[in-house]
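So that you can see what the record holds, here are the features copied from Swiss-Prot:
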BINDING   89, 120  anthranilate 1 binding site
BINDING   89, 92-93, 97, 99-102, 117-125, 129  5-phospho-alpha-D-ribose 1-diphosphate binding site
BINDING   101, 234  Mg(2+) 1 binding site
BINDING   175  anthranilate 2 binding site
BINDING   233, 234  Mg(2+) 2 binding site
């Protein structure tokens, strides 16, 4: 396992210097190809973490992961006009909440958005998006062709990250051994193989909001809201949400309150989740229009911001109202049932 060709780049990192986007692409491409020892990988990730990753380094790492990903056939290979939105969080916020972004994906799709949600097994909560979907019989490892058909027919598909990003497995043991956040914690939401034009992206730290918006701009995302909601990696119902909105090539920063979104404040304890089976019951109740007010509102403000970002609603408040009416209609639950059926029709 030779890393001779990237040793000069590693030396730059060990000296506390920054890599260019192209250099970061090269070093992460080597990692994905399995050309890097675990010791070297650990040294690289820690060197980046201690200095603090730059916009170019995060962008270059994302470029490498995107280039190596299994193709999603719906994508036209760039960000031109596919109309797709992703509602995603980095995870790792330390709170064990209900599956807000996953549930919001069904609501946004039922309200007319085209949602390709890129997800993985749980990071911080007891039940990540894929854990929840398995409870409903949705085939997590559906082939790219099946996922594309789901997106065409139902406006919604789920892309299971390990199915598209095989090379990430090389970093698994090192990430577990380091027991600390690394660049990989923010890469997941940036490497959706559907290349969404629009994104609602939640981050685990307020310090990441602006940098990740800048990365999305560098990666060619058309419109996005990067959010951190009072400790959560999503739009908050229990406090203020920091936002960096990317629109027309500009990034503007502001804060949103629940009142701005047209809903009352709630306590974080009102959103506590459980094991996958319990969270599935909660999600089903919300999607049938029978959830608690706090649950429905938490999902609606996130779905609403996604509806705003992709242009279906002209404000976050209008988006939230549309999301709430969609929840009450039960359309989102019908969509869940249809997705379970279509996703499991053609198992590979």
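Every residue gets a Cβ built from N, Cα and C, even glycine.
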Problem set entry | Candidate with the highest Cβ count within 10 Å, taken from the binding-site residues 97, 101, 120 | 101
Seminar exercise, completed: residue 89 (anthranilate 1 binding site) and residue 233 (Mg(2+) 2 binding site), compared by Cα position, are separated in whole Å by 5
Problem set entry | From 120, 175, 234: binding-site residues whose CA lies within 10 A of residue 101 (5-phospho-alpha-D-ribose 1-diphosphate binding site) | 234
For this session: Go through 118, 175, our binding-site residues, and report the one whose Cβ sees the most other Cβ atoms within 10 Å.
Result: 118
Seminar exercise, completed: Whole-Å Cα distance, residue 120 (anthranilate 1 binding site) to residue 233 (Mg(2+) 2 binding site), is 15
For this session: Determine, using Cα-Cα distances only, which of these binding-site residues is closest to residue 233 (Mg(2+) 2 binding site): 97, 118, 175.
Result: 97
Exercise. Taking the Cα atoms as reference points, how far is residue 97 (5-phospho-alpha-D-ribose 1-diphosphate binding site) from residue 234 (Mg(2+) 1 binding site) in Å?
Worked result: 11
Exercise. Including all protein chains shown, what's the count of other C-beta atoms within 10 A of the C-beta of residue 233 (Mg(2+) 2 binding site)?
Worked result: 27
Seminar exercise, completed: Once DSSP output is merged into helix, strand and coil, residue 89 (anthranilate 1 binding site) belongs to strand
Exercise. In whole Å, how far is residue 118 (5-phospho-alpha-D-ribose 1-diphosphate binding site) from residue 175 (anthranilate 2 binding site) when you measure between their Cα atoms?
Worked result: 20
Problem set entry | Distance, residue 234 (Mg(2+) 1 binding site) to residue 118 (5-phospho-alpha-D-ribose 1-diphosphate binding site) (CA atoms, angstrom) | 15
Seminar exercise, completed: Close in space but at least six residues away in sequence, with Cβ under 8 Å from that of residue 234 (Mg(2+) 1 binding site), the same-chain residues are 89, 100, 101, 202, 227, 302
Exercise. Tell me, how many other CB atoms lie within 10 A of the CB of residue 89 (anthranilate 1 binding site), whichever protein chain they belong to?
Worked result: 28
